[in-house]
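Colleague: Pulled the feature table from Swiss-Prot, pasting it below:
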ACT_SITE  E243  active site, proton acceptor
BINDING   R269, Q280  FAD binding site
Amino acid sequence: MDFNYDDTQKKHAAMIAQVCAEQLAACGNEHSRYFTARQWAICGEAGLLGLSIPREYGGQGLGALSTAIAMHAFGLGCTDMGLVFAAAAHQFACAMPIVEFATAETKRDVLPKLASGEFIGSNAITEPEAGSDSSNLKSRAWPQADGSYRLDGHKSFAGNAPIADIFVTYATTQPEYGALGVSGFIVHRSSAGLRVSEPLDKVCLRSCPAGEVFFDDCRVPEVNRLGEEGQGRQVFQSSMGWERACLFAAFLGMMERQLEQTIEHARTRRQFGKPIGDNQAVSHRIAQMKLRLESARLLLFRACWGMDQGDPGQLNIALSKLAISEGALASSIDAVRIFGGRGCLESFGIEAMLRDSIGTTIFSGTSDMQHEIIARELKL
């Protein structure tokens with residue numbers, strides 16, 4: 001078993017580190033409160049918006065493991081996790097369903113624009129009364145005589161929605177089949193009957209604007225359906241595999257950056273005539289941070305390796321997602337405690353990691369739902 005990166009993976013990681021240090025860090029962005037078009041353009045130029053999109057459509061054509069390694073480098077080098085999240089949601093929850101389930105014509109039309117960043121993608125599945133229970137959708141899509149669909153519904157917490165050009169969304173087409181009667185669709189921002197709210201104020205990932213999406217007699221051409229009618233559950237689960245693995249690789253990078261900062265602080269901050277790291281209470285917290293990081297890394301790479309072998313096992317992906325989510329939150333709390341009052345100041349960046357890590361336990365499937373998936377896969 002070889003734990004080393006290959007030459008291509010090393011090259012991508014080094015390139016991303018350079019882009020983060022030389023270009024993204026210079027953007028400032030007022031403590032990462034707002035989305036900026038300049039940062040998005042930099043990501044597009046660097047290929048960060050199409051890591052897993054095939055080369056024939058302008059992407060990098062990376063497999064799951066290489067994509068995760070690249071996203072780890074992105075989260076390690078970029079202090080604006082909202083931007084990282086926006087880029088990840090764009091390609092894993094929006095572009096990848098199009099890669100895997102759209103028609104050849106739609107792929108040729110949409111994917112190059114997503115890979116370059118000309119189009120911004122959003123995934124809209126969550127509803128006011130359908131969060132974790134994503135199969136209980138109230139949104140409906142009715143087939144029309146001309147082959148199109150009439151879409152009505154209300155989506156909430158859609159990442160990138162206020163700035164998106166393309167939406168991947170889901171609606172019930174055959175209610176008598178329950179979860180097997182859901183279909184996936186691509187909806188363009190210019191579609192009549194589509195309306196998006198102003199950005200929602202939230203505690204975490206602020207530079208990735210989230211909003212509500214309303215479909216009111218919105219017409220969607222049949223060519224914009226993803227896969228067959230009733231295949232929406234498969235489309236969504238596939239996209240969640242990519243998102244739970246490769247998006248969360250970025251938060252593994254954040255955990256590593258956080259650990260490096262905390263170790264440096266513990267070595268240089270002196271109290272009672274010695275570095276605070278000499279105190280067992282501090283050093284043991286840092287040891288736990290390291291344990292969480294390395295355990296999560298192994299689970300992540302195992303899950304991504306399986307995806308590349310054609311085995312997107314839900315068990316390994318859920319284990320990885322849960323380890324990173326809970327590990328990031330626990331380590332962020334430890335980091336704030338070690339930094340003390342400075343950990344509560346925006347200028348040190350530690351409080352932002354704590355806020356952003358709260359979100360990791362909720363989006364892309366809550367930690368409670370990951371426990372449920374793990375228990376189900378163990379036949380409990």
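Note: Cβ is positioned from N, Cα and C throughout, glycine not excepted.
Are these features on the surface or tucked inside, and what touches them?
Modeller: In the three-state DSSP scheme, E243 (active site, proton acceptor) falls into the helix class. Residues within less than 8 Å, Cβ to Cβ, of E243 (active site, proton acceptor) and separated from it by at least 6 positions along the same chain comprise A88, A89, F92, A93, S364.
Sequence-distant contacts of R269 (FAD binding site), defined by Cβ-Cβ distance under 8 angstroms and a gap of at least six in the same chain, are P275, I276. Under the DSSP three-state reduction, R269 (FAD binding site) is assigned to coil, being neither helix nor strand.
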Colleague: Would you count the other CB atoms within 10 A of the CB of Q280 (FAD binding site), including those on all shown protein chains?
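Modeller: 9, counting other Cβ atoms within 10 Å of Q280 (FAD binding site).
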